[in-house]
């Protein structure tokens, strides 16, 4: 695979098409930022880790191009624990206090939590205003900022309250990865590995070959990984924007992973609970093991996946203290389930994921029990 130029763009087709731009320096590109604000109001939503680095610069860039803008700001506590209905309410209040009209724009400056919250607030305010995703984590660049899924968590489960709301644009400034903690970089790489696992064996091999460059945050390697991941997601989302079929493949490992996240209380900066990417890494191995148990795949493929995740210093086992029965109960609330039956994304080997309905709970419980 050849390395890309410093700037890449990926078109997402559909009823509301948009472009993902991947390049350094985008947060300082005043004209590019401002062109997406149709009216006079903009809300900049960020978190306590990202805002000190970038919020003032984004505000200054917007005002440089559009001095007439009225810009509100909302900074939330960093971490999944902030992705709640209460915080969503704070975003709605911020839009109301700004006097935002239907031509307003919400800028999501941060990782997946910020993107989900900002997108959901934009979807709901006046039945829908524009949202521009400014992802600052690798995970957000390759997954959560793309595709228009927005949601918050409730105690019963992750992402159970939300809406589909495609962004007006995604501007992935790769310079922001310089300030990304190593653990968060690895979490994003779990989602990158997912794309190879579900539909691209050559990408899977490339990730193994480039593992040292990626872990060292080599700009060219990261740009290639981001672009290839976004290309895969864009192709699938264009064909299945509302997740009626093929788009569910993007959830390999997520049913198991979301159950782990919910049962342990969600990861947050500074705690030992698995973050989203880490939980997905474990979930992918569990899905691969279940596939092998059901006779769908070879155990060698499971081991290849486990080995690649280990190469990227990601976990592959369920954390201790999480009862299998409790995890299964969480899985029963997964959004992909139909008529009370488990519907999981499994695989027939590397690059061959598929959705499997009516998976027997006994088989899942056996995998959860180790």
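Backbone N, Cα and C define each Cβ position, glycine as well.
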* Structure fact -> Joining 191, 276 at the Zn(2+) site recorded in Swiss-Prot, out of 165, 212, 254, is 254
* Determine the C-alpha span of the NAD(+) site listed in the record, that is the greatest distance between any two of 112, 113, 114, 115, 116, 136, 137, 149, 158, 176, 177, 178, 179, in Å to the nearest whole number. => 29
* Asked: In the structure shown, which of the binding-site residues 114, 177 has the fewest Cβ neighbours within 10 Å?
  -> 177
* When you tally the Cβ atoms that lie within 10 Å of each candidate's Cβ, which of the binding-site residues (137, 179) has the highest tally? -> 137
